[in-house]
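Q: One structure, pasted below without further comment.
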Amino acid sequence: MDIINCSDNDLDLIGKSLALSHDEMLLIKKYFTEIKRNPSDVELQAIAQSWSEHSCYKSSKFYLKKYLSNLRNERTILAMEDDAGVVKFNDDYVYVVKMESHNHPSAVEPYGGAATGVGGIIRDVLCMGAQPVALVDSLYFGDPDNKSGFLSERFIINGVVSGIRDYGNRLGIPNVAGSIYFHEGYNTSPIVNAGCIGISRKDKIVRSRVQKARDILILCGGRTGRDGIHGVNFASRVLDLKNGENRNAVQLGNPIVEEPLIHAILELNDLGLITGMKDLGGGGLSSAVTEMLYAGNLGGTINLDSVLLKDDNMLPWEIWISESQERMLISSDERNLPQIKDVLDKWNIEFSVIGRAEEKKNLEIYYKNEKVFDLPLEFISKTPVYQRPYKKPRNRCKSEPFRDDDINKSIISLISSINVCSRAPVIRQYDHTVRGATIVRPLTGLPNNETHSDAAVIKPVDDSFAGIAVTSGSKPMLCTIDPYGGALESLIEAYKNIIVTGAEPDAIVDSLNFGNPENEETMYSFVETLKAIRDFTLKFKLQLVSGNVSFYNKNVSDIMPTPNIMMTGIIDDVRKAITTEFKNKNSLIYLIGSINGSLAGTVYSKLKDIKCYDYHNSNINDLCNVYNIIKENKEKILAAHDVSDGGIIAALIEMSFGKNIGFNVNLKDIKMNLENKLFSEHGTAIVIEVPLESEIVFNNLGIKLGYTCDDITVMDGENMVFNARISELKNLWDSGLGKYL
């Protein structure tokens with residue numbers, strides 16, 4: 001391709017096909033003009049892959065470095081360096097954690113996009129040398145009644161859930177936690193965030209880099225095909241759902257190949273045969289080879305003829321950037337090759353030696369005895385970085401006075417509404433107990449009568465009762481109104497979800513989903529989100545160990561800002577984990593912490609179409625106090641549930657479901673309007689159940705609301721607010737989501 005003599009118009013056409021800007025194409029033209037030759041198609045495609053938004057974070061890197069750099073603590077092993085974060089678990093083990101988005105593929109082909117998102121996040125953990133032990137997914141869908149898009153919303157919902165189910169279940173890795181959220185702002189543009197936790201002995205962690213010159217590069221696992229070509233490019237621009245080429249950019253997943261690949265990789269690692277490793281995700285070989293060599297300050301030579309193909313007619317550039325799944329790139333000393341072959345043959349894993357690392361700065365690639373690529377790795381890897389401008393949106397919305405004339409009806413509507421109702425129709429499709437290490441499941445309580453858990457707890461090491469708690473979610477409607485406040489509340493909720501299990505909050509992983517970064521208001525939301533994450537992480541001395549940014553999530557308009565927060569915690573003894581359901585009748589119920597009172601961005605305000613945009617940041621110093629109360633008194637706590645979606649009324653009702661134990665509470669000591677105290681979702685509040693003998697202790701720590709009993713009664717002073725049977729509410733709660741699946 002004659003880039004050197006291209007006109008500006010022709011450069012723009014080429015750039016558009018590769019998701020590169022005019023200025024980026026000028027940089028490429030300038031470079032090749034200086035070296036007095038045109039790029040090969042392999043070189044041009046590789047540059048486009050490396051410089052894509054998806055791969056190099058060119059719109060976010062400046063702000064990520066400014067606000068989120070070095071948020072570590074004494075437990076951090078690796079953070080923001082390799083394919084996943086690594087955190088100390090105990091003296092002998094570490095855990096590995098990562099979350100990624102797979103949004104654009106899931107919008108085009110929901111089943112395949114979601115399935116390969118799961119497969120990819122598992123390999124991100126695997127390539128660090130860890131055994132994957134748990135999956136997490138947070139899903140954001142449009143209005144399930146919407147049929148106006150390229151694909152109906154129900155088709156997207158069912159495709160995504162089925163893809164996650166089939167891939168995870170067939171691999172035998174439990175799906176233990178996550179969230180599901182619905183809003184018309186995601187119509188035709190779902191957000192699919194998949195997370196994974198792995199466990200490894202601390203001396204078995206593998207880095208995503210080549211360690212020394214002369215090491216061979218081995219490609220193993222699935223064969224390379226035309227699926228997933230230009231995947232990173234189409235994920236780096238606004239999605240055109242009418243473009244048929246997008247379907248070719250969606251990878252094809254095969255868990256039957258990945259399952260033995262996991263066993264083989266772990267065995268090779270146990271034998272000490274792997275010196276560096278990376279999974280092949282976005283960008284394929286182009287990304288994996290380039291990043292491993294550059295991280296090791298080495299160059300190398302690759303022979304594309306050695307790559308095992310699904311289609312022998314593939315062109316060299318297609319081989320180089322294909323994103324075919326279930327592939328791993330391993331570096332090793334050449335003397336280890338016979339042992340490596342024995343292990344891979346035992347697991348029936350295909351492999352080939354495709355090249356080696358060398359003491360030079362360039363990467364050379366050959367195909368059919370012809371050099372098709374010869375570039376310095378520094379040119380490919382030192383990608384453009386933009387300091388995108390941002391501005392605060394004008395406050396176009398004003399709150400309007402509101403009074404609810406039928407609280408009883410509102411509570412009934414709320415409990416069956418799509419963002420409060422039971423997630424069991426989805427959760428039950430996932431195997432959350434395979435491997436036998438899930439202690440607190442996503443549903444808790446009596447069989448067929450369960451309620452939601454706030455966080456899952458897993459026991460990852462056989463000879464230890466220590467465990468990991470994990471939760472994931474976001475508050476998109478509030479993020480739209482107040483990006484800093486919405487991100488802060490997302491972090492507060494995650495923190496509460498961890499501490500109510502009895503665990504110690506440990507690490508944060510973010511997956512930041514936003515619209516077009518060229519929109520200054522979108523960038524404002526993004527920057528405010530980063531500030532909130534920084535402030536919260538520093539305040540609570542946590543560690544931010546891994547993250548992901550997904551831009552260009554847009555169809556008709558940008559999606560709502562969706563900073564998904566995955567948080568982990570460490571629990572000393574999983575046998576003492578606290579769950580959400582009420583345990584006994586005639587126990588006492590207390591409110592610990594405080595309800596913010598704002599109805600901005602709540603399920604209730606959406607349900608009632610309330611114009612409410614007034615929000616003030618919750619007091620995170622109060623959250624410190626809540627943490628200390630739970631930590632110092634967890635042996636006395638029978639049940640605990642955070643106040644979040646649906647407010648305190650939803651929290652209390654959900655606690656009643658697990659064992660059919662009701663409550664009689666009086667909200668008179670919560671000093672705000674009835675609508676606000678019932679339905680505000682923000683703040684530091686947690687509802688706990690304690691035995692009668694602990695009354696004196698907790699009278700000094702929180703607000704006594706009432707006691708557990710047979711049915712449900714809510715008072716506000718002398719006024720009856722709500723009265724119902726548990727069974728009636730459970731039927732409503734159970735029926736909200738099932739009709740869409």
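A Cβ is built for glycine as well, from the same backbone N, Cα and C atoms used for every other residue.
Bear in mind that the values here come from a model prediction, so they are computed numbers and not experimental data.
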Q: Which one, Arg123, Arg534, Arg575, is listed by Swiss-Prot in the same substrate site as Ser101, His102, Asn103, His104, Gln251, Glu323, Ser324, Gln325, Ser550?
A: Arg123
Q: Which of these, Tyr57, Tyr484, Tyr495, does Swiss-Prot say binds ATP at the same site as Lys98, Asp510, Gly547?
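A: Swiss-Prot lists Lys98, Asp510, Gly547 binding ATP, and from Tyr57, Tyr484, Tyr495 it also lists Tyr57.
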Q: Which one of these recorded positions has the most other Cβ atoms within 10 Å of its own Cβ: His54, His102, Arg123?
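A: Result of the Cβ crowding comparison: His102.
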Q: Once near-sequence residues are set aside, which residues in the chain of Ser101 (substrate binding site), 6 or more away, have Cβ atoms under 8 Å from its Cβ?
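A: Gly117, Ile191, Val192, Asn193, Ala194, Ser511, Asn513, Asn548, Ser550 - these are the non-local Cβ neighbours of Ser101 (substrate binding site), listed in sequence order.
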Q: Between the Cα atoms of Asp124 (Mg(2+) 2 binding site) and Gln325 (substrate binding site), what distance do you get, rounded to the nearest Å?
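A: Approximately 12 Å lies between the Cα of Asp124 (Mg(2+) 2 binding site) and that of Gln325 (substrate binding site).
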Q: I need the neighbours of the ATP site defined by Tyr57, Lys98, Asp510, Gly547. Which other residues of that chain put their C-beta within 8 angstroms of the C-beta centroid, in sequence order?
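A: Going along the sequence, the neighbours come out as Met80, Met99, Glu100, Val509, Ser511, Leu512, Ser546, Asn548, Val549.
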Q: Rounded to whole angstrom, what's the largest C-alpha distance between any two of Tyr57, Lys98, Asp510, Gly547, listed as binding ATP?
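A: Greatest Cα-Cα span of the listed binding residues: 17 Å.
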Q: When DSSP states are folded down to helix, strand and coil, where does Glu323 (substrate binding site) land?
A: coil
Q: I'd like the Cβ neighbour count for Tyr57 (ATP binding site), meaning other Cβ atoms within 10 Å of its Cβ, all protein chains included.
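A: Neighbour count, Cβ to Cβ under the 10 Å cut-off: 19.
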Q: Per DSSP, Asp510 (ATP binding site) is which: helix, strand or coil?
A: strand
Q: Just checking a number: largest C-alpha distance across Ser101, His102, Asn103, His104, Arg123, Gln251, Glu323, Ser324, Gln325, Ser550 for the substrate site, rounded to a whole Å.
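A: Roughly 21 Å, rounded to the nearest whole number.
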